[in-house]
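J.: One structure, pasted below without further comment.
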Amino acid sequence: MSSPTGPSTRNTFLGMPAVPPRSPYGTGHLRGERAFPEAAQDELGNEQLRRNLGRATHSIRAKRLALTGELPDWEQLRDAGSAIKTDTMNRLPELLEQLEQKVTEHGGTVHWARDGVEANEIVARLVKNTGSDEVIKVKSMATQETGLNEHLASEGITAHETDLAELIVQLADDRPSHILVPAIHRNRDEIREIFLKEIPGIDPGLDTVPAHLAAAARAYLREKFMTTRVAVSGANFGIAETGTLSVVESEGNGRMCLTLPETLITVMGIEKVLPRFQDLEVFLQLLPRSSTGERMNPYTSMWTGVTPGDGPQDFHLVLLDNGRTAALADRIGREALHCIRCSACLNVCPVYERTGGHAYGSTYPGPIGAVLTPQLAGMHGAGDDPNSSLPYASSLCGACFDACPVKIDIPSLLVELRHQHTEESGSTAEGLAMKAAAAVMKRPKLFTAAQKAAGLGRVLAGRDGTLSRLPAPFDGWSDSRDTPAPPKQSFRSWLASPEGAATMRAAAAEGAPHTDDAPEAP
Amino acid sequence: MRIGLFATCLGDTLFPEAVKSTAVLLARLGHDVVFPPEQTCCGQMHVNTGYQREPVPLVRNFAEQFGDPSIEAVVMPSGSCAGSVRHQHEIVAERYGDAALRTGVAAVKAKTYELSEFLVDVLDAADVGAYFPHRVTYHPTCHSLRMLRVGEKPLRLLRAVDGIDLVELPEADACCGFGGTFAVKNAATSSAMLRDKMDHITGTGADVCTAGDSSCLMHIGGGLSRIRSGTRTLHLAQILAATRTSPHVLTEAAR
Ligand code: SF4
């Protein structure tokens, strides 16, 4: 077991890490302050949030189903996506080196960042080298994960988010709660309030018509696009074969960032590489349909190194590990790395729908976040690390698996991760209870005795035959559910009783061929 | 056919009527129902909560109890327990078992069925001769739906029930929020999911909400009882076993 601050995963032998390092504790946004059940409690109490989330997820869900349903080869596409990802993970080092070589050949510079801290330092240094103290940003999960904006601010550099939803979150000094729709938890009235308060010189008569809100943001962003010389982006895909990077988006603000500035710095998680250009064919069908429920996203930008006289003349690619190699070394983590961040699993998840993204405490919320976050950043200690609560933040209903375009079996991964967690936590009260339960259940005589003892619970039941208050840790259960008192007789004792035997004989007799029912001969 | 009945630990202890109905139904359909007496629990709760060592003896016991080759099919009134036997026993045996256990698990897995699957797929019996003159709505539990893919099978059986007024449940495939220990560990989130499920159920005006899992029904029924909704929960087997002459569900043993 490793302590939260302990570098125990970094024991060195001949300069090589014994185990690939996870994302360092206490940096970036891969860990919340509180365990999931506690953080969820607040969100559950927020009626507005639940209405906003419910409405948004239901409408995206319906759109996604309609559009995946219209492709006759949708299942084959999912299989293809899954197969390409498996192949990618199997030869990730080789593909990354190929990507580096191709990017360099085309005039770009590749940087390798072991963790978020390194990535942030590299980006800050690159920005400083340009002499600029401002950057514009295309929505990027990787830099959200590393906490780049905060780091840049500490270095005197201002980062402007240009994705509309990300801008709303940034202006409100809030955190994104969805990987694709960061402001999913906000409604139009709230957005209007935020704009009125935070955008200098805005028309005080602004109303809540979506087009007017978008226009206000556009006017604000236009000025940033025209005056800022450095941009930071993420990448949805990096093609090893050609060195091409790609960003897909809806608003075109990303394209402005990718083409207008002089310097472009892209931070990409190492798992985002794809072997061949042709592979985009599969993912550009899977991604928009799964994420926004669109046949095609409005803007797909691709760039390969630099092109003299066109677009940024200085291009840097920062390849981010931050726990990904550690995940790759793990059977669960490796499958989780297949994720293309489409957010389909969030949109169908009944838990996410009720709690929103903040309860997960991580840049990656929802079902895949519950797997990926502990894989990237670890679950330290016996249970006091909030990340330890994430594998349990699921009812294992399986809706996420059905929705995932690359067929990640999230429920099975969660069950495995729970196992990993209990194995690492040593002896706990729950573990002892599980052992005790198994000890009773493996001995039929003890089990039968326990059933008889359970029958005594009847004396505790109210007149309606139910138990309405249970002791801890079941008090949460009994807050909203009655529990039936155990019946007088278990099934097995009924079956062994004269009544049981008689009932079964009678049923068998009913089933026996009824000769008297046979049609009479004429 | 010689059928091994698995009562499930929850069914045996807390919901015997569902198991009795299963036994009676199968016997009435002309089959030889046997109850291996040393059976206990499939170990699903352990595995789902993150414990895979502890249930090894349970998995072994299950494989031994139902391993008898004269048992042609193992049937249980629970989608999630069938899911556990089919998908989790292998994992446990691979990790902590020996070769004998792996062989035993594979043999039992191949003949394990949830009740509605068994009736429709194996017996090809859509109409089991049931009579149930009540307004009923059906909740497809997650493990039946997505682990076993029972699909329309339970509905086919219900549609054939004489006298039934079967009403569709809005957003039927949404999880009820049970999830085993999830309902205890994340009680508040689970309750929020339950509230929506209950709204949909009561909105149908059904007298009875049915499903193929006593565990989910315990959760839903516990909620419906708490709000005094007047809608009761009954296991699918109880509806299918009810006939004009022996309406079992209506003479349910007093608790
Ligand atoms: S796990 Fe699958 S469904 Fe969820 S975001 Fe990733 S690719 Fe999309």
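First residue shown is number 1, and so on along the chain.
For all residues, glycine too, the Cβ spot is worked out from N, Cα and C.
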J.: For the record in TrEMBL, which of the ranges A:263-314, A:471-522 is the region 'Disordered' one?
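T.: Within the set A:263-314, A:471-522, TrEMBL attaches region 'Disordered' to A:471-522.
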J.: Kindly point out the range from A:1-20, A:101-120 that TrEMBL annotates with region 'Disordered'.
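T.: In TrEMBL, the region 'Disordered' feature sits at A:1-20.
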J.: Please list the DSSP helix, strand and coil residue counts for the compositional bias 'Low complexity' (A:501-512).
T.: 11 helix, 0 strand, 1 coil
